[in-house]
Amino acid sequence: MWMFLKLLLFVCSSWWSCAQASNCNATSPYRTLDGTCNNLQNPNWGAANTAYGRLIAADYGDGVKSPRKAASGADLPSARLLSMKLFGDEHVLEPAFTLLSMQFGQLVAHDMGFTSGSTDILPCCSEGKPVSNPVPRCYPIPVASDDPVMGSAGVQCLDFLRTITDCDADPSSCSNSKKAEQLNIATSFIDLSVVYGNSVEENTPIREFTGGLMKVETRDGSDWPPRNPNASTACVQRSPEDACYLTGDARANISPQMAILHILFLREHNRIAKQLAALHPEWNDEKLFQEARRINIAQYQQIVFYEWLPSFLPLPDNGGKRSLSSVLDHQYRADVNPTTLNSNAHAAFRYFHSAILGHLHLDYENRTKAGEISFTDHTLNPAILEAPCKYAQLSRGMATQSMGRIDLNIDHELKHNLFKFNAPFGNDLRAIDIQRARDHGLPSYNSFREKCGLPKAASFDDFTSLLHSPQDAARLASVYASVDDVELTVAGLFEKHIPGTQVGATFRCILLEQFHRTRVGDRFFFETSDPIVGFSREQFKQLRKANIARLLCDNTPKLEGMQSKAFAAIDAGSNKVLPCSSLPAVDLDPWK
């Protein structure tokens with residue numbers, strides 16, 4: 001029997017009842033938890049529990065909501081078949097970047113999107129066989145009898161549930177053949193909703209309501225998120241004592257390294273709140289909480305846009321419609337909708353899945369290897385973090401170990417053993433990505449090429465100049481009947497990388513469009529000059545110093561040093577490990 005994570009999801013029972021501009025406080029310097037009222041003219045733009053955005057209208061099999069079909073009207077090839085025929089599972093590393101770069105990217109992706117219903121437990125397959133009377137949302141992934149890994153085990157299908165759409169939530173809103181739109185239960189903003197939650201209801205259980213602090217539990221001298229009251233269903237525990245955390249995002253427990261980043265920004269919030277309390281003893285809990293949250297988010301935004309994003313989408317602009325210079329636009333525009341794009345969340349931004357590794361290193365302070373753990377052995381069980389020395393060792397390992405190369409491989413553990421636990425077989429992350437894009441009606445690769453102002457392919461021969469190797473066009477032709485069947489999620493990974501970047505032209509177009517909207521459409525973005533929501537000149541100068549290396553140092557006991565560019569590989573010359581005290585730090589004196 002498959003085991004899946006039962007997560008606590010808050011989905012507004014009346015998500016379609018829009019916030020009104022008249023209910024927004026235009027003079028508040030603080031963003032709401034659910035993202036409403038960021039845009040005062042369109043208060044629901046970017047808010048939690050609203051539909052993902054679109055660059056191109058959905059392409060459904062029935063024109064309304066059924067998964068995308070081939071141009072002929074037939075079903076597209078099995079997502080598992082494509083995973084096996086087109087993608088390898090070789091262990092290829094990207095020596096220029098650390099695993100921290102991949103993991104931080106996953107945190108950002110979670111911050112901007114949480115697909116509604118994606119973690120529900122409604123089995124479509126039982127022991128690898130289709131269930132009788134499946135629920136309507138079932139869309140299992142077929143597995144061929146000659147599958148070289150799962151076929152011998154008699155596996156016929158892999159579990160997959162369709163995303164909840166606006167039509168599911170409110171059928172009356174989808175009359176007259178309106179296309180269904182999938183719901184995002186996270187805010188679309190770069191706002192640390194993964195730490196603070198996407199609603200007051202999610203935030204309340206994780207706040208201390210004293211001194212502006214987030215709730216923590218102290219064990220062995222370190223602060224940890226509170227234990228999840230539903231640990232037996234939220235995590236896969238080996239014993240009732242295993243740590244399972246309650247955070248602003250239920251996916252914090254997915255892996256130890258994801259949990260580390262959640263804990264990092266949780267501890268940073270409390271570190272800031274304590275400093276502000278010392279500077280302003282007259283401030284009450286709410287003021288301290290909101291100011292600490294505001295600073296924490298600003299530091300995070302500085303890191304995302306100026307330290308992390310340039311590592312895979314660097315200047316200069318060598319193609320596509322958006323350059324990074326346009327992403328780093330300093331002025332808010334009320335006419336820009338920041339809503340997370342479906343094609344970004346469920347295709348372009350998933351390119352990072354190639355960089356995930358199946359084994360995670362633990363490192364000593366001198367960066368020699370202390371050991372390693374299996375990703376699948378610790379999926380949904382971050383308990384190892386509280387074992388002696390392991391939190392610091394895994395943090396060092398994450399900032400030292402090379403991430404996987406962005407290529408046509410995906411780690412064996414994620415391709416065959418995802419969520420395996422004690423079962424004889426697991427799921428396939430690449431197949432899930434392909435199936436999810438179909439579920440969401442993402443149009444063809446050719447359609448997105450055209451949208452991005454790039455040449456379309458009229459024949460498979462036209463793919464030759466676009467892809468990694470001349471043989472790749474033939475590989476696509478062997479599984480797709482038409483060039484217009486080729487999927488964005490698949491071909492985007494086959495594209496030649498633009499020199500100096502980690503992506504091809506089509507994914508780059510989508511990613512840059514998304515981050516442009518995310519930045520320019522956020523009224524509270526930390527660079528704004530708006531006197532109501534912006535920072536003073538002296539405060540802003542300090543926020544510019546924020547960097548991931550110093551945050552790791554300040555919030556990781558027993559960590560004594562870090563390279564200044566922690567997303568990049570350690571280099572004895574230009575990026576050597578430095579004492580934590582020598583790394584730039586944000587000084588809160590301007591907040592006096």
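Numbers run from 1 along the shown chain.
Cβ atoms here come from the backbone N, Cα and C positions, even for glycine.
Pulled from Swiss-Prot, these are the features on record:
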- 1-21: signal peptide (SIGNAL)
- Asn25: N-linked glycosylation site (CARBOHYD)
- Asn230: N-linked glycosylation site (CARBOHYD)
- Arg251: site 'Transition state stabilizer' (SITE)
- His353: heme b binding site (BINDING)
- Asn366: N-linked glycosylation site (CARBOHYD)
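The Cα atom of Asn366 (N-linked glycosylation site) lies nearest to that of His353, taking the recorded positions Asn25, Asn230, Arg251, His353 as the candidates. Candidate recorded positions: Asn230, Arg251, His353. Nearest to Asn25 (N-linked glycosylation site) by Cα distance: Arg251. Annotated pair Asn230 (N-linked glycosylation site) and Arg251 (site 'Transition state stabilizer'), C-alpha to C-alpha distance, rounded: 14 Å. A 10 Å cutoff on Cβ-Cβ distances gives Asn230 (N-linked glycosylation site) a total of 14 other Cβ atoms nearby, all chains included. Listed in sequence order, Ile410, Leu414, Leu429, Arg430, Asp433 are the same-chain residues six or more apart from His353 (heme b binding site) with CB atoms under 8 A from its CB.
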